[in-house]
Amino acid sequence: MHTHASRPHARQSALPRRAALFDFPASADLSPDTGAARQHTIQWLSRFRVFENHASVEEYDALRFDVLTGLFYPRATGADLNLGSDLVGWYFVFDDQFDGELGCRPEEVARLVADVIRVTEEDMAPGGTGGGEGPLLESFRDLWHRINSGRPRVWRDRFRHHWLEYLHSYHREALERTGAAPADGGGDAPRSVEDVLALRRHSIGVQPCLDLNEPFGGYTLPSALHGGFPLARMREATDDVVVFTNDIASLDKELAVGDVHNSVIVQWKLAGGGVEDAVRHIAGLANARYGWFEETAARLPELLAEAGADPGTHRAVGRYVDGMRHVMTGNLGWSLRTARYDERGTEAVSGGRERPWARLTGAEDLIRAGRGAPPPPGSGPDTRQPMPSEPSQLA
C-alpha cells in the first residue's frame with residue numbers, strides 16, 4: 001500500500017479534512033458531569049490494577065474516553081454517567097488487548113471470550129462473585145453487576161445478547177486475521193465493505209451503549225418495538241455510521257499497524273485509486289445512512305400514532321432516537337478531540353508498540369512459555385479481498 005498516509009505532516013491535517021466530508025454534525029453537547037466521570041473511571045480502573053504506573057494513567061487520560069461518554073449521554077449525570085464512563089473505558093481497554101500477539105491467536109481469544117461470558121452467567125446475588133482472575137475479568141464483573149442490578153429482565157436479556165455479539169466478534173476477527181476463516185464472501189470472491197460491516201456492527205460495541213439509554217432515561221422499550229421496524233433498522237444505521245466514522249478517523253493508525261478490519265482499507269483495495277477516493281466513498285455511505293435515519297425519525301410520530309402508541313411510548317421512542325443520534329454525532333465529535341486518532345495515537349501503536357494496559361489477560365505469558373510466536377499479520381492466506389458488491393443503501 002501507499003506509505004504517504006503515515007507521514008507525520010499528513011496525519012496532522014488528514015482527520016479534520018476528512019471529517020469535513022460528513023454531512024452530520026460533530027456534537028459538542030457534553031454532560032455537565034463529564035469531568036467528574038473522567039476522574040471516577042480513572043480511579044475505578046486503577047482500583048482493579050489496570051494501570052501499572054502514572055505514565056499509563058496519563059496515556060489513558062489523553063484519549064479522553066470521558067468526552068466520548070459525555071457526548072453519548074449528554075443528559076446523564078452522577079452515577080449514571082459514571083457507569084457509562086466505566087463501560088466505555090472498559091471497552092477500549094479490552095479492545096487494546098488484541099492489538100498484539102493475542103489478536104493473532106484465535107484459540108487464546110476464544111478462551112478469553114469464554115471467560116468473560118462466564119461472568120455474565122454468574123449469580124447476581126451478593127457473594128456470588130469470583131475473584132483473583134486479574135484486572136480485566138475482575139473489573140468486568142464489577143461493571144456487569146452494577147449495570148444489571150435492578151434492571152427489568154427483558155432489558156437484561158437484550159443487553160446480554162448484545163454483549164455476546166460483541167464478544168464473539170473478537171474471535172471472528174482473530175480467525176480472519178490469521179487466515180483460519182475465510183471472509184464472508186467465501187472462496188475466491190473478493191472481500192467487500194458489506195463483509196466488513198457484517199462483523200464490525202458487532203465489534204464496534206454500539207448496541208450495548210444504546211441499551212444504556214433506557215435505564216438512564218427511566219424507560220424500557222418493549223421487545224416488539226425495539227426489534228421491529230423501523231427502530232431495528234435505525235439501530236443498524238447507527239452502527240454503520242459509527243463504523244464508517246471510526247474507520248475514517250482511525251485510518252492512519254490502522255495503516256500503521258496493518259489492521260485490515262477497516263472499511264476504507266477494504267474499499268481502497270477493491271476499487272484501487274487513491275486512499276482519499278476510498279475515504280470519500282465511505283463518507284458518502286455514512287452520509288446516506290444518517291440521511292435515511294433523520295428522514296425516518298421525522299416520520300416516527302406518525303408511524304407511532306397509526307400504531308395506536310400511547311403518550312409514554314411516544315416519549316420513550318423519542319428519547320431512544322435522541323440516544324442514537326447522540327452516539328453518531330458524539331462519536332464524530334470525540335474523534336476530533338481524542339489523542340487516539342491523531343499523530344500521537346498513530347505513533348503510540350507504531351513499530352509494534354502496544355498500549356501499557358494491553359497485556360492484562362495473561363495469554364501472552366502462555367504464548368511465550370511454549371506455544372510459539374504467533375504468525376505475523378499477513379503471513380497467512382489473504383483474507384482482505386472484497387466482493388464485487390457494495391452495501392445496500394438504507395432507503
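Note: Cβ is positioned from N, Cα and C throughout, glycine not excepted.
For Asp95 (Mg(2+) 2 binding site), no same-chain residue lying six or more positions away in sequence has a CB closer than 8 A to its CB. Feature annotation from Swiss-Prot assigns Mg(2+) 2 binding site to Asp95.
Taken from Swiss-Prot, the feature Mg(2+) 1 binding site applies to Asp95, supported by similarity to another entry.
Counting only same-chain residues six or more apart in sequence, the Cβ atoms lying under 8 angstroms from the Cβ of Asn246 (Mg(2+) 3 binding site) belong to Ile204, Asn331, Ser335. The Mg(2+) 3 binding site annotation in Swiss-Prot covers Asn246, Ser250, Glu254 and is backed by similarity to another entry.
Summarising the annotation, Swiss-Prot assigns compositional bias 'Basic and acidic residues' to 346-357. Same-chain residues lying 6+ beyond the ends of the compositional bias 'Basic and acidic residues' (346-357) with a Cβ under 8 Å from its Cβ atoms: 6, 11, 50-53, 55-56, 59-60, 93, 96, 99-100, 252-253, 256-257, 339.
Residues or ranges marked as region 'Disordered' by Swiss-Prot: 346-395.
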